[in-house]
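Accompanying notes for the structure given below.
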Amino acid sequence: MKFVVKALSNGTARAGVLHLDSVAAAIDTPSLLLSTRKGLPLFTSPDLLSSFPSPDSRLLHVSPLHFLEGLSIKTISKIGGLHQLVGLHDCGFAAFPRDSIQCLPEATATNKTGASFETPCGRLLIKPAEYMEMMSSMKPELWATLADEVPAWVSDKRNKTSVDRTIKWLDECIALSPVSGAVFGAIVGGSSLEERRRCAQEVATRNVSGYWIGGFGLAESMDERPALLNAVTEALPEEKPRLICGLGLPEEILQGVAAGVDLFESTYIYHLTLEGFALTFPLDGTRINAPNVAGIDPRKINLRATVFRKDATPIVEGCLCYTCQNHTRAYINHLLNVHEMLAQILLEIHNTHHFLGFFGLIREAIKAGRFEEFRKDFVRSRYDGLVEDGSEPVLLAR
Amino acid sequence: MALTPFCSPPPSLCSSFRSLRRGLFLPLLQAYPYTTSKGAVPMPETALMALRFEVLGRFNRARAAQLTLPHFVCQTPLFMPVGTQGTIKGLATNQLEDIGCQIILGNTYHLALRPTSELIDELGGLHKFMNWPRALLTDSGESSGWKANAPYTRGVYSNPSMCFTLAYFGYSCYINRIGADIIMALDDVVKTTITGPRIEEAMYRTLRWIDRCIAAHKRPYDQNLFGIVQGGLDPVLRDICVRGLVDRNLPGYAIGGLAGGEDKDSFWRVVAQCTAALPEDKPRYVMGVGYPLDIVVCSALGADMYDCVYPTRTARFGTALVPEGVLKLKNNAMAEDTRPIDSTCACMVCKNYSRAYIHSLVSKDAMGSQLLSYHNLYYMMQLSRNLHSSIVRGKFPEFVCNFLQKMFPKGDVPEWVCNAMEVAEIDISSCRARFRDD
């Protein structure tokens with residue numbers, strides 16, 4: 001793996017280039033990691049993956065926890081690792097246990113032997129040795145060391161313990177390191193600025209290829225987050241990539257970019273898709289002209305609404321995704337009403353495409369040196385003329 | 001709309017023909033006054049058809065043909081996946097094209113309910129609505145919806161014709177608006193497991209209704225109305241129905257009322273009787289079939305088209321279709337099995353995924369259903385292609401034997417299959433275990 005910073009904007013936001021052996025083209029950052037379940041997207045089938053823009057759609061997040069319920073380490077090794085297992089060859093896998101959709105860290109159950117996660121199969125405890133065995137058999141392009149993530153409300157003592165533990169596990173994981181795959185050191189610290197700084201400084205001294213920033217998206221507020229993010233990134237060397245987990249909404253992504261993060265795992269697409277939403281905010285950099293009609297949300301539309309029953313237009317006019325090129329709002333409205341799986345498939349395809357487009361806008365703004373301006377504009381325009389509809393806080397809950 | 005008088009059916013001749021044995025000795029019946037055009041509206045000689053059916057190859061009763069429909073040119077024998085509500089569960093239209101689907105089914109009743117046929121019409125018809133460029137067939141909704149809710153099923157009614165008028169008036173509008181290439185007539189279906197006069201009643205009603213379907217059909221130039229042969233398992237009733245429908249000179253015919261739990265021995269005999277009696281130059285569609293074995297047998301007997309929810313439904317339960325029969329991916333033994341589902345299958349799923357991986361997905365993740373549905377439909381399309389090409393190349397018996405050998409490696413081919421193949425005049429002795437009695 002190779003990473004180079006190409007441009008800076010406003011001091012900390014950076015545009016870079018990531019080279020992975022398994023991906024033919026270089027990936028521009030800031031970039032999104034597509035969420036997967038056992039290595040494949042939740043709804044988009046593998047033969048439709050190629051319809052996404054490339055190479056920005058070639059980074060996939062995989063959680064080893066997904067495999068604990070049905071596929072043994074031995075079998076994965078026998079098949080030859082993730083690429084052979086999921087039949088995707090021209091992509092890069094980033095492996096870390098936390099999957100903000102379904103496998104969230106359970107801080108109360110984590111102890112000195114291992115990290116606990118609440119998963120659809122119940123509570124799972126994963127120890128460093130076990131974790132490293134999974135990394136050896138899965139062979140991801142990059143992986144994070146095991147972390148003890150805690151939510152914002154824990155006591156200072158618990159928070160401090162989490163930092164000590166995470167650093168200890170980092171050293172254990174590196175010692176058991178497999179031959180292939182770039183190691184990303186995990187950084188935690190909850191909502192304490194000192195702990196965040198301490199952890200980042202410690203991890204910065206270790207021999208890692210990049211940094212995995214955890215513990216966010218666990219009930220800290222959007223207001224306190226920038227300071228916490230900066231406390232981490234300021235202590236890290238500039239030339240190594242930073243990956244963050246748990247920032248979902250576009251505004252949160254922008255906070256991460258502003259602090260100097262390069263790679264993002266987000267649950268936004270998943271939640272939108274499940275609830276029947278499709279992203280519609282403009283991707284050409286123009287200000288959203290929010291109409292004065294109350295209740296019309298310029299950011300996204302809910303295709304369950306009866307107003308779309310006869311709407312024979314695509315979700316977004318001019319969008320090049322498979323869904324918009326082939327289907328209409330009316331058809332998706334019908335699919336949602338009759339509870340057909342194809343609705344989620346089509347929505348996930350469009351939302352992924354659109355969200356990847358958003359990342360494209362971010363990169364452009366950074367390269368043009370006007371990231372802060374872009375960010376302020378974007379945040380402001382999403383709320384202009386909008387009636388408070390209560391939908392976004394739901395997405396922030398996790 | 002003129003109402004034909006309600007004629008009481010002639011006395012049943014079932015008892016005389018109960019000993020009907022191997023297939024095709026059709027009783028020489030006097031033409032019943034009812035089955036000629038008394039009160040019926042026959043199709044004119046230059047029948048209004050929106051299809052062309054050209055037989056390209058034969059082997060005894062089996063035929064391979066080219067069926068030209070308004071939206072697509074199809075090769076038969078063919079299997080049609082079922083997309084009840086305007087979608088095949090979990091698959092996108094481009095995937096269906098990649099797999100090789102030629103015709104897809106939609107269900108009139110379900111679509112009339114949601115999103116309504118008016119809406120589909122307003123948006124340009126079902127093809128445009130779901131963006132399916134190939135052929136579509138709409139059925140009325142045999143097992144659900146239409147029949148369950150039509151007034152006549154709910155107890156006491158005075159004039160069944162009146163009730164039909166009410167039910168049918170809606171139906172014809174719906175099917176014309178939805179705009180499929182093939183539309184099934186509204187028929188009266190009863191389960192084959194039922195006995196008694198109800199079957200006879202249903203058969204005669206089906207015949208009366210076909211005339212009204214024909215009269216109400218507004219688009220004979222671009223939609224093909226197929227009649228459906230009913231009559232339960234009674235060869236006499238079936239014969240009456242076949243003759244009645246053939247009189248109407250329809251573009252195609254379906255054999256309905258089967259695939260409902262009857263024993264296989266009765267099933268194949270009805271198919272054999274009907275395929276023998278239906279015209280050579282029109283497509284024959286066996287509704288609700290189904291299992292690959294059944295399709296091979298029916299094709300040998302001269303049927304051309306099939307539909308069933310089985311491949312996609314069984315996929316959602318974690319079962320894959322393979323040459324040996326079925327593979328249950330949920331089985332724990334699959335967790336360590338690194339082979340593909342079917343090493344002879346060329347589909348995207350078998351080329352890229354192991355049984356172990358699919359096992360970890362099935363019944364837990366939507367992707368599992370999608371991948372298995374993809375494979376199962378590919379299997380059915382490949383079966384259709386193999387049937388067509390083996391008949392065209394004159395290799396049909398070899399294909400059948402190969403198919404049976406893979407499915408019954410011990411030679412234990414079921415009795416009903418053997419009987420059916422005998423009637424179809426296909427020698428499958430090489431597939432059968434020899435029982436030495438001497």
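Using N, Cα and C of the backbone, Cβ positions are placed for all residues, glycine too.
Just so you know, TrEMBL annotations never went through curation; they're auto-generated.
Per TrEMBL, active site, nucleophile is recorded for B:ASP307. For B:ASP307 (active site, nucleophile), the Cβ neighbour count at a 10 Å cut-off comes to 23, with all displayed protein chains included. In the three-state DSSP scheme, B:ASP307 (active site, nucleophile) is classed as strand.
TrEMBL lists B:ASP187, B:GLN230, B:GLY257 with the feature substrate binding site. Of all the Cβ atoms in the protein chains shown, 28 others lie within 10 Å of the Cβ of B:GLN230 (substrate binding site).
According to TrEMBL, the Zn(2+) binding site annotation covers B:CYS345, B:CYS347, B:CYS350, B:HIS375. Sequence-distant neighbours of B:CYS345 (Zn(2+) binding site) (same chain, six or more apart, CB under 8 Å from its CB) are B:VAL322, B:HIS375, B:TYR378, B:TYR379, B:GLN382, listed in sequence order.
Here TrEMBL flags B:61-407 as domain 'tRNA-guanine(15) transglycosylase-like'.
The region 'RNA binding' annotation in TrEMBL covers B:288-294 (among others). With DSSP classes pooled into helix, strand and coil, the tally for the region 'RNA binding' (B:288-294) is 3 helix, 0 strand, 4 coil.
Taken from TrEMBL, the feature region 'RNA binding' applies to B:312-316 (among others). Taking DSSP states H, G and I as helix and E and B as strand, the region 'RNA binding' (B:312-316) has 5 helix, 0 strand, 0 coil.
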Long-range Cβ environment of B:CYS350 (Zn(2+) binding site), under 8 Å and at least 6 residues apart: B:PRO340, B:ILE341, B:ASP342, B:SER343, B:HIS375
Distance [Cα-Cα, Å, rounded] between B:GLN230 (substrate binding site) and B:CYS347 (Zn(2+) binding site): 37
Rounded Cα separation (Å) that holds between B:GLY257 (substrate binding site) and B:ASP307 (active site, nucleophile): 13
Rounded Cα-Cα span from B:ASP307 (active site, nucleophile) to B:CYS347 (Zn(2+) binding site), Å: 21
Cα separation, B:ASP307 (active site, nucleophile) to B:ASP187 (substrate binding site) (Å, whole number): 17
Zn(2+) site shell beyond B:CYS345, B:CYS347, B:CYS350, B:HIS375, criterion: Cβ within 8 Å of Cβ centroid: B:PRO340, B:ILE341, B:ASP342, B:ALA346, B:MET348, B:VAL349, B:LYS351, B:TYR374, B:TYR378, B:TYR379
For B:ASP187 (substrate binding site), the number of other Cβ atoms found within 10 Å of its own Cβ: 27
